[in-house]
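As structure tokens, the structure follows; a few thoughts come after it.
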Amino acid sequence: LQKQEVCGNLTLQHHMLEPVQRIPRYELLLKDYLKKLPEESPDRKDAEKSLELISTAANHSNAAIRKMEKMHKLLEVYERLGGEEDIVNPANELIKEGHIQKLSAKNGTAQDRYLFLFNSMVLYCVPKLRLIGQKFSVREKMDIAGLQVQEIAKQNVPHTFSITGKKRSLELQARTEEEKMEWIHVIQATIEKHKQNSETFRAFNSSFSQEEEHLPDSSIASTSSVESMPGADGGSALGGSDSSRKSSKSKRDKEKQSCKSCSESFNSITKRRHHCKQCGAVICAKCSEFKPLADNSRHNRVCKECFLQLPASPCSPGLEAPGEQKKRLAAEKQSILAAENSLFSSYLQFLEKGKTWYKMWVTIPKSEPLVLYLQGSSQDGRSPRPIPLPGYEVSLPGSGEKFEVKHVFKLCQSHQTLYLSAEDEELQMKWMEILTKAAKGETEDTAEGLSNP
């Protein structure tokens with residue numbers, strides 16, 4: 001193709017760039033056209049709408065390219081780390097990497113090391129000797145949360161700085177002063193950005209908690225008012241004295257700050273407040289259980305006292321241990337949410353370590369259209385296993401690959417191969433189609449024409 005005269009001796013890569021470059025060319029052409037087009041022209045409205053559409057397409061194209069480039073960069077680092085660290089995640093971002101010298105605490109000698117800085121962690125690595133390509137072994141993983149970086153002044157040892165984490169402190173030496181300052185600035189900027197994101201999350205969580213409290217508080221207020229007046233029915237309680245109402249209000253305020261059962265104070269992140277759907281008491285997650293109430297088919301949170309007093313649901317085969325019931329309900333809820341919020345999901349057989357087939361709930365979320373999640377049975381209690389799809393090849397097994405189950409397909413990437421089996425050929429073809437699109441980074445219209453089984 002490159003030798004043909006009509007192609008102007010351009011390489012195949014140059015020709016593949018043409019479709020990508022065509023979109024911004026149309027955008028520039030329409031902008032120039034609108035500059036010269038009179039305001040009263042009948043074509044003005046259509047031209048402006050066309051420019052808006054092509055600008056949207058250009059922004060989407062650029063965003064998709066950036067996302068794919070970021071994922072490819074993570075995949076490259078994953079390979080260089082020998083697959084030791086699970087870093088291929090849409091939320092991860094590689095910010096900086098490079099060689100560094102580590103100063104020994106014993107004798108002060110410099111040792112060759114390598115740093116990978118991500119938006120959420122620092123990987124401190126040791127280079128491995130390889131004939132082809134540089135490989136690294138992770139020596140220390142340091143979270144950005146709580147990390148500190150500062151310059152060090154040492155006699156006869158220039159360009160030094162330290163990074164201090166929750167578990168370990170490292171004294172490092174750069175090759176030049178400029179390189180040292182660049183590391184310090186970029187690490188500090190990453191720490192600051194992580195702090196801002198954490199504060200934003202806390203603020204959102206706090207406001208969400210307040211909104212959650214708004215409705216239940218009004219119902220608790222009436223309940224507490226009735227309970228605060230001994231021997232009174234609902235009507236007489238509401239008509240009680242002001243002092244009684246003030247007393248019950250202060251009591252309610254105090255109760256809302258701590259759990260009724262364990263008396264521990266609430267906070268918006270680790271100790272959330274909940275309400276018993278039976279008696280209205282304010283409780284924490286540890287001091288509550290789930291129970292189906294007569295007027296509601298859903299599983300409602302109730303305090304442990306009400307949980308023991310309420311009769312077992314007639315539809316349930318028998319009472320489970322509270323821990324087992326919570327695990328089962330959490331898994332069922334997770335599966336229901338995954339089905340509702342997924343591009344595509346179903347049960348598939350998964351070949352674990354090349355030995356045994358296990359039934360798994362497999363889903364691709366709408367929020368993460370390039371990640372496949374595998375969830376085991378509700379009894380195992382493990383969190384779903386994420387598999388970032390970009391870079392995988394989807395195909396049928398080769399002629400030499402024999403399995404005892406039918407409708408098998410596989411995902412291959414580098415040295416890793418995953419085998420999955422569907423119930424029938426139609427489901428197998430649907431999964432292969434959607435996984436092939438996701439592996440190519442096609443997030444738009446990925447699930448067009450597909451519906452969850």
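Count begins at 1; order follows the chain as displayed.
Yeah, the Cβs are placed from backbone N, Cα and C, and that goes for glycine too.
These numbers come from a predicted model, not from an experiment.
According to TrEMBL, the domain 'DH' annotation covers 1-64. Applying DSSP to the domain 'DH' (1-64) sorts its residues as follows: 49 helix, 0 strand, 15 coil.
Broken down by DSSP into helix, strand and coil, the domain 'PH' (93-192) contains 16 helix, 56 strand, 28 coil. Here TrEMBL flags 93-192 (among others) as domain 'PH'.
For 215-254, the entry in TrEMBL reads region 'Disordered'.
Residues or ranges marked as domain 'FYVE-type' in TrEMBL: 253-311.
Mean pLDDT, taken over the domain 'PH' (341-440), works out to 83 on the 0 to 100 scale. What TrEMBL records for 341-440 (among others) is domain 'PH'.
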